[in-house]
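Below is one structure, written out as structure tokens; the observations come after it.
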Amino acid sequence: SGVFRMRLTLPADFPSSPPKGFFITKVFHPNVSTSGDICVNVLKRDWTSETTLRHVFMVIRCLLIQPFPDSALNEEAGKLLLEDYDEYDKRARLMTSIHGMSMAKRPTPTPLTTSGANAGGTSSSDTSKKEKDGGTEGASPTLKKAKSDQSKSVAAGGATSTMAKVKKGLKRL
């Protein structure tokens, strides 16, 4: 078992158009190309503007568990899966041991700013140190505003801050 990083890129006309999905971590799988592209219908012909990102992640997770070799982007993986499952399993496990990070080695993700972008570029260790110190030096303007709003919110009797709303929204994903 391993941790595989992937990226969904949302187009300007999202949710009218589907996001583009690809793995950053190398994966040996019939429905993932050697460059990381993901072949799944929910990101192509089955996309509707009502499709949620949660659903997209769930479908991709299911695809990793149950490959669909009939629409293989990685022909070698698809052929091995159909003709010699033991060899496919061996190769997939090898690739996972080489490229898939274990939970213990997984880096702590960089927290998102309230805009959803990591404009400040700070690492999670820098951010946690700044949070302990209470400062926002080097943080993005959006993060500074959220921290300022959070301070005002606490002073005004604990109304829900912008940062809390963002964190709550991200937890739902």
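Heads up, the Cβ atoms here are built off N, Cα and C, so glycines get one too.
The active site, glycyl thioester intermediate annotation in TrEMBL covers C39. A 10 Å cutoff on Cβ-Cβ distances gives C39 (active site, glycyl thioester intermediate) a total of 18 other Cβ atoms nearby, all chains included.
Look at TrEMBL and you will find 113-126 tagged as compositional bias 'Low complexity'.
According to DSSP, the secondary structure content of the domain 'UBC core' (1-101) in residues is 43 helix, 14 strand, 44 coil. Summarising the annotation, TrEMBL assigns domain 'UBC core' to 1-101.
Positions annotated as region 'Disordered' by TrEMBL: 99-173.
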